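What Swiss-Prot says about this one:
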type    : residues                       : note
REGION  : 1-73                           : region 'Domain I, interacts with DnaA modulators'
REGION  : 73-140                         : region 'Domain II'
REGION  : 141-357                        : region 'Domain III, AAA+ region'
BINDING : Gly185, Gly187, Lys188, Thr189 : ATP binding site
REGION  : 358-484                        : region 'Domain IV, binds dsDNA'
Amino acid sequence: MQEGKNIWSLILAAIRKELSEEEFYIWFENLYFIDAIGENIKIATPNSFHKNQVEKRFSKRIKEILIEKGHSTINVEFIHSQNELKDHNTESKDIPLKAITHQQDLQTKNKDIKTHAKNIINNTKQYSIKEEIHIKYRNPFLKKKYTFENFIIGTNNKLAYNASLSIAKNPGKKYNPCLIYGGVGLGKTHLLQSIGNKTEELHKEFKILYVTAENFLNEFVESIKTNETKRFKKKYRHLDMLLLDDIHDLQKKEGIQEELFHTFNALYEDNKQMVFTCDRQPSELVNFTDRLKSRFTRGLNVDISKPNFELRVAIIEKKAEEDGIKVPKNILNLVAKKVTTNIRDLEAAVTKLKAHIDLEDIEIDTNIVDKIIKEIIAYENDHTNTPNKINIENIKKVILRELKLTNKDIEGNSKKPEITKARHIYAYLLRNFTELSTIEIGKIIGGKTHSTVLYSINKIDKDRNKNLEINNLIIELMNKINKN
C-alpha cells in the first residue's frame, strides 16, 4: 500500500507543476488515496461529477506521467461509490494503525483544513466520510496574500475599504448585498479576497466561497451537461458568504442570470452575506435582467476610482520594497506621474524595472522608464480599445506567420516546446483581443478544455512579468495584429 501512496504522490507532484494553484486545488484537493491492490491504485472522489471531470481532464496525462516515472503497468482508478468506501474503511487489515488512530481523532477534533491543503502531496491521507464533509466548503480560490493590512488606502478607495472591513467583522448585518464597482486593476479583487480571508479568521465555522463569474458560469454549464444541477444549487445556496467577482462577465447570458437570481434570493432570505464586484454600476450593465440589477442595488453600492498621485507613489514604493529593489525617488515619482491607469499597471512597471536591473545589470534612468511606460500604455490601449475590432482570423494569421507554424501545429496536440508555447500565446492573445470565454477559445484551439486555456493565459501573463524576451514578443505580436 505504501508504494501505491508514493506513486500517487509522484503523480500529484508532477501535475501540480503543470497547473495553476487554483486549478490544482479545485480538482485534486478532495481526492484521497484509499487502496493499492497489485497494480491498481484506487483514488476516492467526493461525487460523480468530480469523478467524471477528473477522468475526462487528467486520465491521459496521469498515464503519461506513470510511463515517464517507470510505472507503465500501474492503473489509477477513480471511485465515488459510498458502499465501496464503507467496505474499505471497515476492513482494518487494509488500514495502518496510524490511519485508524487518525480517524478516531477526527471524531473528537475539528480538522485543520488549511494544514490538509498544504500537506496534500507530502502527507496524502486516508479517506474518511467525516473529513470529506469538513473539506467540502474549503475555498481554494482565497489567496492569503490579499489582506486588509496590505491594502493601501487612499481617497479613491477608503469608503470601499471601510465597508469591506465592516462586512468581514459582521457578515449579513449592515451591507447585504454589497457591490464594489470600478475599472480594471483598481483593487476590487483584493478587497473581495480580503473580506473572505478576514471572515474566515473571525468566523471559522462559516462556509465561504469566492468565485469568478466566469468560473461560476463554467461550473453551471458543466452541471447541466452532467445532470448535476442539484449539486450545483446545493453548493451555492447553502453558504454563509458568497463572494462573486466580475459579474459583468455574465452579460448576455440569460441562463446563468436566472440561476444567480434564485441563488441570490435563497441567500438573502437566510441573511447570508453576498459581495459582488463589477467594472461598472449595475444600471450600466447591458443585457442584464432588470430584476437582477435591482437585487444588486438593494444593499450598498460603492465605487473605487483611479488612484491619485500620492496613492500611486505609495503603491510603487510598497511594490519596490516587496521586490527588494532600490530605485531613486525621482524615478519612482516619474513612474507615478506617467502611469495613471490603475494599480496593476503601476505594479507591472516596478516588476519591469526589477527585470531590467536583474537581467541587464544596469542602473535605471529616465530613458528606461520611458520605454517601460510606453510598453504598458501600448498594452493597455490594445487591451481596452480593440476587443471588438480584431478578427479572430487576423490573430491566427499573425501567429502562424510570425512563429512559422501551420494550422495543424496550432490546433493539434504536439508536445514540442515551441508549439506548446505558441498555443499558450494564441490563447492569451485571443483572450486579450476578443470577448470569447475560455470554453470558446478552447474550441478554436483544437478542442482544449477550460482548464488548459486558463493555464495558458495565466502562464503567459506571469511570463511577461518575469521574462523580457516573452514580453517583447507579445508586444510585437500585438502591434502586428493591430496593423494587420
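The count begins at 1 with the first shown residue.
Placed from the backbone N, Cα and C atoms, the Cβ positions cover glycine too.
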Least buried of the binding-site residues Gly185, Gly187, going by other Cβ atoms within 10 Å?
Gly185
Need the DSSP three-state call for Gly187 (ATP binding site) to compare against my parser.
coil
Counting other C-beta atoms within 10 angstroms, the emptiest spot among the binding-site residues Lys188, Thr189 is Thr189
Could you put numbers on the helix, strand and coil content of the region 'Domain I, interacts with DnaA modulators' (1-73), residue by residue per DSSP?
46 helix, 11 strand, 16 coil
Secondary structure tally of the region 'Domain IV, binds dsDNA' (358-484) (DSSP, helix then strand then coil)
97 helix, 0 strand, 30 coil
Listed in sequence order, residues not in Gly185, Gly187, Lys188, Thr189 with Cβ within 8 Å of the centre of the ATP site Cβ atoms:
Gly182, Val184, Leu186, His190, Leu191, Thr277, Ile304, Asn342, Ile343, Arg344
